[in-house]
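A.B. asks: Found this in Swiss-Prot, in case it helps:
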BINDING   Cys12, Cys15, Cys18, Cys137  [4Fe-4S] cluster 1 binding site
BINDING   Cys22, Cys121, Cys124, Cys133  [4Fe-4S] cluster 2 binding site
BINDING   Cys68, Cys87, Cys90, Cys93  [4Fe-4S] cluster 4 binding site
BINDING   Cys227, Cys230, Cys236, Cys240  [4Fe-4S] cluster 5 binding site
DOMAIN    3-22  domain '4Fe-4S ferredoxin-type 1'
DOMAIN    47-77  domain '4Fe-4S ferredoxin-type 2'
DOMAIN    78-107  domain '4Fe-4S ferredoxin-type 3'
DOMAIN    114-147  domain '4Fe-4S ferredoxin-type 4'
DOMAIN    218-252  domain '4Fe-4S ferredoxin-type 5'
Amino acid sequence: MNRFIMANSQQCLGCHACEIACVMAHNDEQHVLSQHHFHPRITVIKHQQQRSAVTCHHCEDAPCARSCPNGAISHVDDSIQVNQQKCIGCKSCVVACPFGTMQIVLTPVAAGKVKATAHKCDLCAGRENGPACVENCPADALQLVTDVALSGMAKSRRLRTARQEHQPWHASTAAQEMPVMSKVEQMQATPARGEPDKLAIEARKTGFDEIYLPFRADQAQREASRCLKCGEHSVCEWTCPLHNHIPQWIELVKAGNIDAAVELSHQTNTLPEITGRVCPQDRLCEGACTIRDEHGAVTIGNIERYISDQALAKGWRPDLSHVTKVDKRVAIIGAGPAGLACADVLTRNGVGVTVYDRHPEIGGLLTFGIPSFKLDKSLLARRREIFSAMGIHFELNCEVGKDVSLDSLLEQYDAVFVGVGTYRSMKAGLPNEDAPGVYDALPFLIANTKQVMGLEELPEEPFINTAGLNVVVLGGGDTAMDCVRTALRHGASNVTCAYRRDEANMPGSKKEVKNAREEGANFEFNVQPVALELNEQGHVCGIRFLRTRLGEPDAQGRRRPVPVEGSEFVMPADAVIMAFGFNPHGMPWLESHGVTVDKWGRIIADVESQYRYQTTNPKIFAGGDAVRGADLVVTAMAEGRHAAQGIIDWLGVKSVKSH
C-alpha cells in the first residue's frame, strides 16, 4: 500500500505551519528568498469555520501517473514520485488529479528561460525525520499513514463501535479522560486582543510625544499567553520580511526571560525597538496570525517593543567578544534602515564598517521622515551609541558625490553598499502644483522633525507653520497620515485628507487612519484632484476635484478610480501637502561607475544573484528603497542584511550565521 499524509480537520488550526515546514524542508531548512519560490506541496484550506490541509493521496492507481505521456510520474518506495528530469511540464497530471494537489512550477534555468515541472508531495523522501509537515504540525493534525497504521486505525474504530463509545451515555466519561486541552480548544478559549494604552487625546493634539504607552509587565504577559506557538517556523515568522523568531521570543517573555528574548530578537533584527513601533504589523505578522479572525491577532509589535525597551533600559548591549576581526573594510552610503542593517551584520562578521550620511543623525527617514509622535528620536541616538561601541564608524553631515567622492570610497574600501533610500517626491502633474502654499510631503516632514529636535533647517527644506490654516493633504498612505497629524499638532484650523479611492482601499495602516480621526482629521474619499486653484496673489486657495467610483482592478488587483462625469467641485485650502509617494533621486556619481538603474531610477540588484544584491559594478552592492522603490522599514532592513551576506560571500569572509 502507498503511504500518504492524512489530515484531521477537527484538530487543524489553519495555521499554515505545514506549508512553511514543507517549503523549508525542500530548501535546506531555510526560508526561501522570495515569495516567488514559496510553493508548498501541502495546502491549508479555510472555509467559514472549517480548516484542513490537503495534499497528494499517493493513489494506488494514480491518475497522474497514468496520464503522464513521458513516464515522469511513477510508483517508488510505496509512494508516487515525480522524476524532474523526465517531466516536460505538459500539465496532464494537473488535469488528471481528482484532489487538485498537482502544480506546475516554473524554475529559471538561463537568461529569460524557465523549466516547467510537476510539483507534488514527495513525503520528504530521504529526510531523516520523515515528512516535515507531520513533524511540525503544532496540533498533531497530520499523520503519515502506512498499511500498518491504517489497519490499526480500523481496528481501533471497530473496538469503539463494539463498546458503543459514541452513545450519549459515554460522553461524560470521555470528557473526564481528556484533561489536556487540544490546540483547537486552546484557540477557542483564547481571550480577546489587548491593545496598548494611549496618551490622552488633548495631549496628543498639542505635543509630539509618542502616543502609545509601553506595555506593562502584566500586559505583555497577557498578550504573550495568547500565542498558540504555531510550529517551529510559524506563519507570522514567514510573513515578516526579517523572518523574526516571533513565537520563540514570545515564549521567552512568558517565561520572564527578557535577556534571552532580546538576544534572540537581535539574531534577525537590527532595530527591534523601531520595528515594534513603526512596522505595519496588521499587513505582516499580525495580519497572518492564526487567531486573528476569531479573537484578534496577538499584538506582536507591542511585545517586540516591550522586549527591546526593557532590555535596553536595563543596560543590555550586544556582546561581540567572540567576533574575530578580518582584514576587510566596507563603506556604507546611507545611515537609514538598509545601511544600518548591513553595517550590523558586517560588523558581527568582523568586517570593518564606515557609514556615510548627509544628515546630522543616523536613521535616514526613521529620524527625519517619521514624526516623533510615532517614533521617539532618542531611540536612534541611543542606537548610534550602541553601534559606535560595536565598532561602526559614522561620517555624518557628509554627502557622497559632494563632500566625498565615490572614487575615493572605491579606492579605500573593499566593497561599497548603497542604501540611500528614496527622497524625490512623486508629482501628479496638476496645474499650479508649484504655486506658493503647495508643499511636498517629505520636505514638510523633515523640516518639522528638525524643528522638534532643535536642529537647523535648510533653505530647501524650510519649516512650514500650519497654525490657523485650512490644510488639505492629498494621498492615502502612511506618509499622508503623518502629514495630517503633524499639521494638526501645529494648530491647523482644519485638516482634510483627500483620497481618490474609498477607505477600504487606502494603502495606509488602519491604525494610523483611526489615530488621525481621533485627533480631529477629516476625510474625503473617492475624490480625484484635477487642478489647484489660485487667488489673485497667485497663492493656492483651493483644489478642484472630481468625484470617483471604483472600476475594474489594476495590475495589483486594486480597483481603479473612475471619474464621475459632472461631479466637479472645489475644496477651499490655505495649504496643500502632496503625499503621492517617492521615487529614487538622481545619483549621477553612481551611474558613472557602471551601476545600472531601471527606467524609474531604481538600482538594479537582486537577492537571487550569485552574490545577493550585487550591482552591475561587482564592487558595489545596494538594497532598500533605492532598489525596490519606496517601501517599508522592515523590507529595507531585510535587504540590507541580505546584501551584507552577499558582501561577506563576495569578499570570501567566513560567515557567522545569525540564524
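The backbone N, Cα and C atoms fix where each Cβ goes, glycine too.
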A.B. asks: Using Cα coordinates, what distance in whole Å links Cys12 ([4Fe-4S] cluster 1 binding site) and Cys230 ([4Fe-4S] cluster 5 binding site)?
C.D. replies: 11
A.B. asks: Enter the number of other CB atoms within 10 angstroms of the CB of Cys240 ([4Fe-4S] cluster 5 binding site).
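C.D. replies: Counting Cβ neighbours of Cys240 ([4Fe-4S] cluster 5 binding site) within 10 Å gives 26.
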A.B. asks: Roughly where does the domain '4Fe-4S ferredoxin-type 5' (218-252) sit in mean pLDDT, to the nearest integer?
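C.D. replies: Here the predicted model's pLDDT, averaged over the domain '4Fe-4S ferredoxin-type 5' (218-252), is 96.
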A.B. asks: Can you count helix, strand and coil residues in the domain '4Fe-4S ferredoxin-type 3' (78-107) using DSSP?
C.D. replies: 5 helix, 8 strand, 17 coil
A.B. asks: By Cβ count within 10 Å, point out the most packed of the binding-site residues listed: Cys90, Cys230.
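C.D. replies: Max Cβ neighbours within 10 Å, all protein chains included: Cys230.
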A.B. asks: What residue among the binding-site residues Cys12, Cys137 has the most other CB atoms lying within 10 A of its CB?
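C.D. replies: For the binding-site residues Cys12, Cys137, the Cβ with the most other Cβ atoms within 10 Å is Cys137.
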A.B. asks: For the recorded [4Fe-4S] cluster 1 site formed by Cys12, Cys15, Cys18, Cys137, which further same-chain residues have Cβ atoms within 8 Å of the site's Cβ center?
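C.D. replies: Apart from the listed residues, the neighbours are Ala7, Leu13, Gly14, His16, Ala17, Val44, Ala53, Cys133, Pro138, Ala139, Ala141, Leu142, Cys230, Gly231.
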A.B. asks: Within 8 Å of the centroid of the Cβ atoms of Cys22, Cys121, Cys124, Cys133, which other residues of that chain place their own Cβ, given that this set defines the recorded [4Fe-4S] cluster 2 site?
C.D. replies: Ile5, Cys18, Ala21, Ala25, Pro40, Arg41, Ile42, Thr55, Asp122, Leu123, Pro131, Ala132, Val134
A.B. asks: Which ones, of the binding-site residues Cys15, Cys18, Cys87, Cys227, Cys236, Cys240, have a Cα no more than 10 Å from the Cα of Cys133 ([4Fe-4S] cluster 2 binding site)?
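C.D. replies: The binding-site residues passing the 10 Å Cα test are Cys18.
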A.B. asks: Let me check the 10 A CB neighbour count of Cys93 ([4Fe-4S] cluster 4 binding site). How many other CB atoms are there?
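C.D. replies: Cys93 ([4Fe-4S] cluster 4 binding site) is surrounded by 28 other Cβ atoms within 10 Å.
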A.B. asks: Looking only at Cys18, Cys22, Cys68, the binding-site residues on record, which one has the least crowded Cβ, with the fewest other Cβ atoms within 10 Å?
C.D. replies: Cys68
A.B. asks: Using a Cβ-Cβ cut-off under 8 angstroms and a sequence gap of six or more, which residues of the chain neighbour Cys121 ([4Fe-4S] cluster 2 binding site)?
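C.D. replies: Same-chain residues close to Cys121 ([4Fe-4S] cluster 2 binding site) (Cβ under 8 Å, separated by 6 or more) are Ile5, Cys22, Arg41, Ile42, Thr55, Cys56, His58, Thr101, Pro131.
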